[in-house]
Amino acid sequence: MDLIEWFKDRRKNGRLSKEERQREIADGLWTKCVSCAALHYTKDFQLNLCVCPACGHHERVGAPERIPQLVDPDSWVSTDDHLLANDPLGFNDIKSYPERLAQAREKTGLSDAIVTGLATLEGRPIALGVMDFRFMGGSMGSVVGERITRLVERATAERRAAILVCASGGARMQEGVLSLVQMARTSAALQNHRSDRQLFVSVLTNPTTGGVTASFAMLGDIILAEPKATIGFAGRRVIEQTLRQKLPEGFQTAEFLLKHGFVDRIVERAQLRPTLARILRLHGVGQVQAYRPSPQASLAQEQQ
């Protein structure tokens with residue numbers, strides 16, 4: 001239902017009272033695109049995977065929304081949820097690190113900035129990790145690094161394809177060098193995975209920056225990206241001030257990186273699952289259970 005249809009429906013069924021209007025606004029009935037400012041009925045926007053029908057802008061989605069978009073129904077088994085961050089450095093800025101962790105957990109319902117687990121995709125076994133930017137900017141601390149390392153090691157041991165969906169501002173400053181060490185740990189686990197000739201696919205979403213870009217995010221055998229995702233290490237302003245020169249237009253976008261060979265393919269969100277499924281098939285990842293695609297999935301495969 002778009003905006004015009006909604007107004008027609010309201011005209012037909014009568015006007016809303018002031019209380020009803022306030023309730024619908026408060027309940028988030030409408031979603032405004034941050035790119036083109038188009039207004040969309042929230043349920044329709046979510047059914048469209050949080051992609052603006054007007055301009056194609058890909059809104060950020062959290063891990064709880066992303067996982068069902070990718071895995072087979074009833075196949076997801078979370079791993080390492082019990083791992084929780086503490087405060088090894090006693091870090092304080094405006095707020096203490098434990099306070100920030102508590103606020104992030106209350107806001108997102110997550111225990112840290114990544115959710116990991118085992119699942120199947122079209123009946124093929126995968127080890128999937130999905131980062132959530134809402135949790136302290138998707139920053140990588142010791143728990144995020146540990147979960148990724150364990151996930152990849154489990155994928156290697158069980159001969160599963162590893163898939164990581166990245167969304168991060170980089171290393172978590174509240175953990176200092178303990179956060180930076182995770183760059184090496186995750187990279188080492190992925191090198192062992194590659195040495196065992198197992199597949200790793202990295203999916204870069206908006207934004208993927210800092211220490212995550214400098215480590216596991218760019219180590220995929222195949223690197224996919226969502227349209228117009230910001231991908232880089234330092235920010236544009238920092239680089240321009242350091243180099244004292246203007247950067248090219250579109251620098252640090254998925255399209256720029258694709259043009260210069262750092263990304264293999266840009267994939268719209270609706271096509272991400274069928275694209276991953278096709279990659280698994282082409283790389284010989286066998287099915288462990290029968291898979292019967294829905295009519296929508298069958299149509300998507302035919303269109304590829």
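Start at 1 and count along the chain as shown; that gives each residue its number.
Using N, Cα and C of the backbone, Cβ positions are placed for all residues, glycine too.
Annotated features, as they stand in Swiss-Prot:
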{"type": "DOMAIN", "residues": "29-298", "note": "domain 'CoA carboxyltransferase N-terminal'"}
{"type": "BINDING", "residues": "C33, C36, C52, C55", "note": "Zn(2+) binding site"}
{"type": "ZN_FING", "residues": "33-55", "note": "zinc finger"}
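In sequence order, V34, S35, A37, A38, P53, A54, G56, H57 are the residues of the same chain, not among C33, C36, C52, C55, whose CB sits within 8 A of the CB centroid for the Zn(2+) site.
Less than 8 angstroms from the CB of C55 (Zn(2+) binding site) sit C33, S35, C36, A38, each of them six or more residues away in the same chain. Helix, strand and coil residue tallies for the zinc finger (33-55), in that order: 6 helix, 4 strand, 13 coil [DSSP].
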